[in-house]
Amino acid sequence: MFILHTTTGVSKWCWLFVSTLRFTAVYHPLWHLRQWRLGNRCVPLIFTISAAINAWLLWAVTIDSPFCTTMPFLGSYEANRYLHAAEIVWSYLLPICTTFILDARVMIMNPPRLMAISTIQKSSSCKFDYNAEANLARKEKRKRQDGIWGIRKRNLSHGSEASMKAIGYASCPRYRTPLYHWLAITTLNLILNTPDVLLRLIALFEITSLSELLSRPSITIAARSLYFAQFVVNAIYLTSFVFRRNVRLNRGREMTVTSIKSAEITMKLVEQMNDANVRASGKKRRSKTDTETTTL
């Protein structure tokens, strides 16, 4: 019981954590880029709080073959009721409601700076069309000076470009697809958890009008089966989308690093060849001036 309730709370809060990261990527992209180690601090904290809330089950739950029963904790069943209510709020109500609010805001509402950014982009494109020749000449002049810095800038600004794309996440149908997947998984988890939570609330608050549901073994078995099915759904989603995408991103980053290193080596070779040509031309000029002075 302790392991089941703890893992359920950790699962729901991990979904909420990912939803929070998506919200910050859209509304606060710079802060999102700086907090790349946030998961290393939040996940242990979530696990600690969830284990602390459910720790009383280690003393209250006893084995009564073939079932498990809950004994009065601290000498009263009222304490059990309050602790069960706190666990339901922590592992179900709070993360589900917060996740729904954050995802709905990302999907429905536009970020406040989206219109300003689009206006700036339009004005900059107009300015480029007006001064096309000047900009082209300026680019040709700075092409040799940039060198490797241009390659680094294009590769290292990939995260910033992704964040700027994330700002337009809510307005572009192409970038809404991952959000729809996420909402579908969240809704499915909510549906799978709802029957078990409802049965627990009926037993917790002793609702007489619905107490007949608890006496039917088929309903209880179906609710528990849906409860355990959520872990299968989470595993399928993680292995099919999240882990595979991370592997592809890591391969792309390795290729980017390799291209940067090869570009650096190429630029160094070009610089060495230019220096050698300059030195050779300087020696020729010196020898020519020496011969002219000797003839005079």
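Cβ coordinates are placed from backbone N, Cα and C, and glycine is handled just like the others.
Because the structure is a prediction, the values reported are computed rather than measured.
Residues or ranges marked as transmembrane segment in TrEMBL: 42-62 (among others).
Counting same-chain residues at least six beyond the ends of the transmembrane segment (82-102), those with a Cβ under 8 angstroms from any Cβ of the stretch are 5, 8-9, 12-13, 15-16, 19-20, 22-23, 49-50, 53-54, 56, 73, 186, 190, 193, 197, 200-201, 204. Per TrEMBL, the feature transmembrane segment maps to 82-102 (among others).
The annotation transmembrane segment is assigned in TrEMBL to 179-205 (among others).
The transmembrane segment annotation in TrEMBL covers 225-243 (among others). Within the chain, the transmembrane segment (225-243) has long-range Cβ neighbours (under 8 A, six or more residues past its boundaries) at 7, 11, 181, 185, 188-189, 191-193, 195-196.
Summarising the annotation, TrEMBL assigns region 'Disordered' to 277-296.
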Quickly jot the same-chain residues contacting the transmembrane segment (179-205) by Cβ under 8 Å, restricted to those at least six beyond its ends, or write none.
8, 11-12, 15, 18-19, 22, 81, 84-85, 88, 92, 96, 99-100, 103, 106-107, 169, 211, 213-214, 219-220, 222-224, 226-227, 229-230, 233-234, 237, 241
